[in-house]
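For reference, the structure is listed below as structure tokens.
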Amino acid sequence: MDTIFAEATPPGRGGVSVVRLSGPKARATLESLAGPVATPRLAALRALRDGEDLIDRALVLWFEEGHSFTGEEVAELHLHGAPVIANRLAQALLSRGLRRAEAGEFSKRAFLNGRMDLAEAEGLADLLSAETEAQRKLAMRATEGELGRKADELRVKLVRAGALIEASIDFADEEVPEEVPPEALDLIAAVRADIRLMLAGYPATERLRQGYVVAIVGPPNAGKSTLLNRIGQRDIALVSEVAGTTRDILELHTDLRGLPVTFLDTAGLRESSDPIEAMGVARGLQRAAEADLRIHLTVDGIADAATAGDIVVRAKADLGRAEGISISGLTGEGVAELLDLVYDRLRVRAADTGLVGHKRQAEALQRALSALEVDHDMAPEFLAEALRQAAQALAMMVGRVGAEDYLDEIFSSFCIGK
Ligand SMILES: Nc1nc2c(ncn2[C@@H]2O[C@H](COP(=O)(O)OP(=O)(O)OP(=O)(O)O)[C@@H](O)[C@H]2O)c(=O)[nH]1
Ligand SMILES: [K+]
Ligand SMILES: [Mg+2]
């Protein structure tokens, strides 16, 4: 096993720059630079020397195998935060036979050494890319290993059901048809109910993880782009009195009180003989249909295309009072209330989130559920096999088996040094 190293802090100047080493030579390498470091997990201020050359005075510490992030021997060097120092150290480490870590390699080793399961690793990746408070909370929960514990709990039930069924096979009279023990069927039913519940929370969890999309739609010149600029408080979209100004879809990423929301400004909806404008309208319609929510900006408060849950508002409130919700992108009137409404609609969805937020996890759960589509008049041998398959699918969900196919995909999304 190679000993790897990487800067754990972002490259560049800063207060400190932390370089992390992991692998069998971590401690020996640290000692070759800093002298003996007897006590693990105790920071010491040391001169780091490569031969005669004083590289830096740094805070150093090391972790024993089995007691570190990766599960391997790990050393950390807290250098003064200057790239020249980290580069000089890297040279010393390379000359001692260490190699630079690949993206996510520390976390991958942590997974391979059983320090975290695959769902926790996915949670860690989500945590690193979280942009809002709600995403942080969701990801943090995933890194705590709750899904793994739930999977284990369900597997224990399946194993117990399997044991009851196997016992009934062993003791059954050859002549008498075998009875499936009712307790086993109850256990299976309980596991199925739990899996259904977990799957029910998946769409909402996945949406919060990825962030919500809210499309602003309406006729040309309704003031869609003006509204987008008002929400973003800057000039994102071109605004003009010419109908058909917006063609490409413009995106505004926001943090709406902790919820990740991307607002889309789209081309005004109308039949157009201009092929470019028509392309813009088609694209806008498509993205709006896929969005979590649509704001229909209207002249008269009527939006034929609105579907249940959409928000319909009158535009240009500054030009005169009208029934219903009206806003003015120009003056900002009603925009805070509109955002309240958007937040309320999305918050309801964010409240339904659960432990399963990745397609890979949901698919494994679905396989477990399908395997458990059993009933009492099935042969016990058949039932026992179904239970084994379901338990296998649950193990795969958290990467206890069959994780190989996903490792690169998951860990390459991490940065170098994580
Ligand atoms: N009085 C008033 N004028 C507005 C308001 N919002 C937009 N306008 C004006 O209406 C015209 C069209 O505004 P845009 O924001 O370009 O409208 P749009 O819906 O994006 O138009 P398209 O991209 O062409 O579909 C511009 O002249 C704006 O200044 C508003 O709230 N009040
Ligand atoms: K316009
Ligand atoms: Mg526009």
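Just so it is clear, glycine is given a Cβ too, placed from its N, Cα and C backbone atoms.
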TrEMBL annotation, (6S)-5-formyl-5,6,7,8-tetrahydrofolate site containing Arg20, Arg115, Lys418 - matching residue among Glu72, Glu73, Glu76, Glu153:
Glu76
Given that TrEMBL lists Ser240, Val242, Thr245 as binding K(+), which residue among Asn113, Asn221 does it place in the same site?
Asn221
Binding-site residues close to ligand 1 - of Arg20, Glu76, Arg115, Lys418, only those whose C-beta is under 6 Å away:
none
Between Ser225 (Mg(2+) binding site) and Ala243 (GTP binding site), find the distance joining the two CA atoms and give it rounded to the nearest Å.
11
Ser240 (GTP binding site): tally of other CB atoms within 10 A of its CB:
10
Could you measure the widest C-alpha to C-alpha distance across Arg20, Glu76, Arg115, Lys418, the residues recorded as binding (6S)-5-formyl-5,6,7,8-tetrahydrofolate, and give it to a whole number of angstrom?
18
Counting by DSSP secondary structure, give me helix, strand and coil numbers for the domain 'TrmE-type G' (211-347).
41 helix, 31 strand, 65 coil
